[in-house]
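The annotation domain 'VanZ-like' is assigned in TrEMBL to 34-116. Taken from TrEMBL, the feature transmembrane segment covers 6-28, 40-57, 69-86, 98-117.
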Amino acid sequence: MVLKKIVFPVTICYTVFIAVVSLIKLNNLPDVKISFGDKIFHFVVYGGLTILWFYSFFLKFKKEFKTSILYAVVFSVVFGIILEVLQDRMTAYRALDVYDALSNTLGALLASAAIWFTKSLHVKNL
């Protein structure tokens, strides 16, 4: 299956992309007119990160279903917190935002719940 072959490289690229975008200065971006728009963005991005890491652990590293979910959530949450700290410590143009970390965590948890409740799709079809 193609997914088994590409999931890990895609996951690594996505993870690196998040790190780079989180630590560089983003100029000339349009203002988002949605209230809490950046928090929604964090929520969605880290939900996606959790799903990709789940598939990497489950398909590439052949971890059990529950273990894959746990590893994916822990990785995503810790990664998000580390990036928030690095933004505060390594850049003059970004700051640690607890609400970003909370949005990241909620996105990871919701993604893991979605994976859990669609377990039969993952186990039977993969």
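Backbone N, Cα and C atoms are what each Cβ position is placed from, and that goes for glycine too.
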Subject >> Leading contact stretch, 6-28, 69-86, 98-117 vs the transmembrane segment (40-57) - CB distance under 8 Å >> reply: 98-117
Subject >> Non-local residues, at least 6 beyond the ends, that sit with Cβ under 8 Å of the transmembrane segment (69-86) >> reply: 15, 18-19, 22-23, 42, 46, 49-51, 53-54, 56-57, 63, 96-98, 100-101, 104-105, 107-109, 111-112, 115-116
**OP:** Average the pLDDT scores across the domain 'VanZ-like' (34-116) and report the rounded value.
**Re:** 96
Original post:
Within the domain 'VanZ-like' (34-116), how many residues are helix, strand or coil going by DSSP?
Top reply: 69 helix, 0 strand, 14 coil
